[in-house]
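Okay, structure first, notes after.
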């Protein structure tokens, strides 16, 4: 069985401040460290073949907690920049502005992309950073959601399809992964990034519900998919043009490991 588990990082310092933290490299908070430890312990009896992580501290530290609770020899932990969160540009480190009639009006205009761009730039100059309602607009210096989706597709090829091609297309006789063995890829990433990664994976299943949205996970929550080639596949597995896959989402936003966890943060003076 070929399995992929997507893990959102633990609560970070910026999460507690309720500010945007895309490429801003803040560490885990004390609560986040507790969450990551609980996650690692809960995965200790689940064999993992390889771990990929965003290089951001909050994600990599979470991945490290999972790795360190695995049996020896520990699975490799590999950072991949395509697993980073959306880059919020000049909005990094600033809180969200959720009530913004100007951005709502721009999104409803006949030319929403141009109108939203104008409003976003004007508001950013005033230190106001709304939630951008389109996938094609960005804060100055940042990325669009479409940019993130393209990164997620690259990350999916590097971190999942690369191994799936060995599992399905080669087999141990050619030096690859035996299809009789279980192979488990873990990806530690971020809220919006994981949403796009799961979407990119599900797109490879022609019978899946392509309109379904995979929303934001809680901190250290995980989502799992089991993947196989659909019946009738023969020939060589191409990473650039994979065969029709069956992608089953078996778990979504699982936080069972957090039950009973002390969630209080130490007081600071």
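Backbone N, Cα and C define each Cβ position, glycine as well.
What TrEMBL records for 8, 9, 10, 11, 12, 13, 14, 15, 58 is substrate binding site. Taken from TrEMBL, the feature active site, tele-phosphohistidine intermediate covers 9. The feature active site, proton donor/acceptor is assigned by TrEMBL to 85.
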### Query
Inside 8 A of the center formed by the CB atoms of 8, 9, 10, 11, 12, 13, 14, 15, 58, which other residues of the chain have their CB, for the recorded substrate site?
21, 26, 28, 29, 32, 219
### Cβ atoms near residue 10 (substrate binding site) (within 10 Å, other residues, all chains)
27
## Note on the structure
In whole Å, the longest Cα-Cα distance within the recorded substrate binders 8, 9, 10, 11, 12, 13, 14, 15, 58 is 15
#### Entry: Secondary structure of residue 85 (active site, proton donor/acceptor) (DSSP, helix/strand/coil)
coil
### Query
In which DSSP state, out of helix, strand and coil, do we find residue 12 (substrate binding site)?
strand
